[in-house]
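According to TrEMBL, the protein carries these features:
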{"type": "TRANSMEM", "residues": "86-109", "note": "transmembrane segment"}
{"type": "TRANSMEM", "residues": "129-145", "note": "transmembrane segment"}
{"type": "TRANSMEM", "residues": "197-216", "note": "transmembrane segment"}
{"type": "TRANSMEM", "residues": "228-251", "note": "transmembrane segment"}
{"type": "TRANSMEM", "residues": "257-275", "note": "transmembrane segment"}
{"type": "TRANSMEM", "residues": "296-316", "note": "transmembrane segment"}
{"type": "TRANSMEM", "residues": "328-346", "note": "transmembrane segment"}
{"type": "TRANSMEM", "residues": "358-376", "note": "transmembrane segment"}
{"type": "TRANSMEM", "residues": "382-400", "note": "transmembrane segment"}
Amino acid sequence: MANRSTIFTESQNCRGWKGPLEIIESNPPAKAGSLHHVTQVGVQAGLEYLQRRRLHHLPGQPYSAVDTNPLSVYVMQPIWNKIIKIVPLWIAPNLLTFSGFVMILVNYFLISFYDWDYTASGNPGRVPTWVWLFSAFTTFCAYALDSIDGKHARRTQSSSPLGELFDHGLDSWATSIFVLSFFSVCSRDNGKTGVSVYTMYMYLSIVLFNFMCSHWEKYNTGVLFLPWGYDLSQVLIAAYLLTGIVGVEVWQKPFLLGYYITDILVILLIGKCLNPWRTLLAHLRKTLKNDSLYEGLLPLVSPLLLFMLLTVWVVLSPGNILAKQPRLFLWMVGVTFSNVICKVIICQMSSTQPELLHWFLFPLALVVYAAISGLLGQAEEAVLGAFTALVTAAHVHYGICVGRQLSEHFNIYIFSLKKRVQE
């Protein structure tokens, strides 16, 4: 397959790109034994997750996004415009994106070390003060890096489909990690205060569905309406700072009309996550990209089935698996949803039809059946651990392989602004 060099116009929004001005068949196939040939073989030795038809259609879908959040438009954007000026021009935008994601992971695993079972907030002193302050710092930095990566891409004229997918793909995973870290501030129900693990599961599912619906809207309308919920991560920063300065005791006292601060924060989060019915309005106005109802609803099939299977496991588990391993189970929920969403994002970018059933659904269905039927017995927790490890490894492998395929296809490096050297 000949390599392609694609010239893109600058986007007016986020990490996007306007589509190709020109596609040039510039390089012949690599000779056997050359460095470039070895790279091609290396990609083909793994799983080629992106079929050729999707690779060739990726430059055809323009990026368009709308951000109506007043906090973002009038407060944060001016701040990001000043911060971006100090970022060196030699730094690749994807490096900014990945650095922010790593900070989110570090923060999550640090909190998990001190609060694996989500009970630390009900036990003052269990989590050191510096951990809460570090959480506020890493959350702000991750949010800032994710907000300026697109501006830096336009600044360095390096916008590409790879950058768009890298940004939104990591966001789909980071969304759940943000929420899982925040649950340590809420604490699980201790009979007086806190949030039950079942409520945590519902909150996480709502947030993930909101993220999913944003990209489902773009799949049908061609426009990504950025959800307000993501910008409310600034509320998490304030929550971590308050916990570090005042202590976890602040969450154990009623704040307003008998409601606790955590109740108010969660209500705000869920309220801002509910998207308007823009897809329905587009249908009424006859502006949908897909005339077929089946094709328009197809991206929602796997997420809905995934949620149903997970909910059946939660409700009918003989060993009450969510109560015994809330952090492990909720991590698995976030990873599986992220992989499903990533595939929808690729189909939305390439204007191709998604698969009906995601392959995660098949092993999950077997595990759920074995669990609720009692076949697993005492091994239910061990099987949950094994399945979580499987989907996490599969998701990481998927991300690496897709990144390598796009890097090879567009003749660019993921973490460098230099072009690939071809022989």
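For all residues, glycine too, the Cβ spot is worked out from N, Cα and C.
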Cβ pairs under 8 Å between the transmembrane segment (382-400) and the transmembrane segment (328-346), at least three: yes
Give residue numbers and ranges for long-range contacts of the transmembrane segment (129-145): same chain, 6 or more residues beyond its ends, CB-CB under 8 A. 80, 83, 96-97, 99-101, 103-104, 106-107, 110-111, 114, 174, 178, 181, 233-234, 236-238, 240-241, 243-244, 247
Quickly jot the same-chain residues contacting the transmembrane segment (328-346) by Cβ under 8 Å, restricted to those at least six beyond its ends, or write none. 50, 54, 165, 168-169, 172-173, 175-177, 179-180, 183, 200-201, 204-205, 208, 211-212, 215-216, 219, 299, 302-303, 306, 310, 314, 321-322, 352, 354-355, 358, 360, 364, 384-385, 387-388, 391-392, 394-395, 398-399, 402
Which listed stretch (86-109, 296-316, 358-376) has the most C-beta pairs under 8 A with the transmembrane segment (197-216)? 296-316
Per the Cβ filter (under 8 Å) with a sequence gap of at least 6 from its ends, the transmembrane segment (86-109) is approached by 15, 134-135, 138-139, 141-146, 148-150, 152-153, 155-156, 158, 162-163, 166-167, 170, 173-174, 177-178, 180-181, 413-417
Same-chain residues at least 6 beyond the ends of the transmembrane segment (358-376) with a Cβ under 8 Å from one of its Cβ atoms are 302, 305-306, 309-310, 312-313, 316-319, 321, 336, 339-340, 343, 383-384, 387, 390-391, 394
